[in-house]
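Listed features, source Swiss-Prot:
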- His53, His55, His110, Asp127: Zn(2+) 1 binding site (BINDING)
- Asp57, His58, Asp127, His165: Zn(2+) 2 binding site (BINDING)
Amino acid sequence: MNLNSIPAFDDNYIWVLNDEAGRCLIVDPGDAEPVLNAITANNWQPEAIFLTHHHHDHVGGVKELVEKFPQIVVYGPQETQDKGTTQVVKDGETAFVLGHEFSVIATPGHTLGHICYFSKPYLFCGDTLFSGGCGRLFEGTASQMYQSLKKLSALPDDTLVCCAHEYTLSNMKFALSILPHDLSINDYYRKVKELRAKNQITLPVILKNERQINVFLRTEDIDLINVINEETLLQQPEERFAWLRSKKDRF
């Protein structure tokens, strides 16, 4: 299996998995044009689309792709049923694509119906988990997003986190504002800064590394707790997550 990233809009990535035969899976195609260009250039045969949630920058290209390739099966949560989904999937179910089983994981927070897809080592997490950050809470609660991130953080160490946006640099600037002396965060920030200066992608990331540099996955970390306690005493990791998310929203 080959993993490919297709840039779209200002900072989106549309992920494509293809096998040796050229069959491919497309994840969150917000725009059809760059996907069609890649299909032509690589002689891919699209088999399926995975949708993580209903926002336009993730579903906007579905109609055109299905018109061009009517054999495509479109998997998605209930909230994407009017966006072209032909196979609604929910937490605990599996999608069998390209000879692989993808587990569906419910991750409410960014939207109420948001889902992720996992088939080792690939995690397609839409707008739930970003490198160094997490999605904004447009529909769900901080508690829901905290629980969703806990699910994803519990996946195997070698999981490849395939996020849908290039937000890594801004996320790491925020992380440095919270933990300015953290060695892992500083090292990763320098690496990301160099990549973005060359207009290179920072994704996917390995989950084991992500746990070290993403403050939203470190709500039980003593260094982070001490920083938060300087401003307010919060006993529960969910409360600390909500504090971080609110802080990031104003960053």
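Keep in mind that glycine also has a Cβ here, set from the backbone N, Cα and C atoms.
Features recorded in Swiss-Prot, as mapped to the structure shown.
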residue	record	DSSP class
His53	Zn(2+) 1 binding site	coil
His58	Zn(2+) 2 binding site	helix
His110	Zn(2+) 1 binding site	coil
Asp127	Zn(2+) 1 binding site	coil
His165	Zn(2+) 2 binding site	strand
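The binding-site residues under consideration are His58, His110. Their Cβ neighbour counts within 10 Å are lowest for His110. A gap of 13 Å separates the Cα atoms of His110 (Zn(2+) 1 binding site) and His58 (Zn(2+) 2 binding site). Taking the C-alpha positions, the distance from His165 (Zn(2+) 2 binding site) to Asp127 (Zn(2+) 1 binding site) comes to 8 Å. Cβ atoms within 8 Å of the centroid of the Cβ atoms of His53, His55, His110, Asp127 (the Zn(2+) 1 site) belong to the same-chain residues Thr52, His54, His58, Thr111, His114, Gly126, Thr128, Gly135, Phe138, Ala164, site residues excluded. For the binding-site residues Asp57, Asp127, the largest tally of other C-beta atoms within 10 A is found at Asp127. For the binding-site residues His53, His55, His165, the ranking by surrounding Cβ atoms (within 10 Å, all protein chains) places His53 first. Asp57 (Zn(2+) 2 binding site) sits 11 Å from Asp127 (Zn(2+) 1 binding site), taking the Cα positions as reference. Calculated from their C-alpha atoms, the gap between Asp127 (Zn(2+) 1 binding site) and His58 (Zn(2+) 2 binding site) amounts to 9 Å.
Same-chain neighbours of the Zn(2+) 2 site beyond Asp57, His58, Asp127, His165, judged by a C-beta within 8 angstroms of the site's C-beta center, are, in sequence order, Asn12, Asp28, Gly30, Thr52, His53, His55, Gly126, Ala164.
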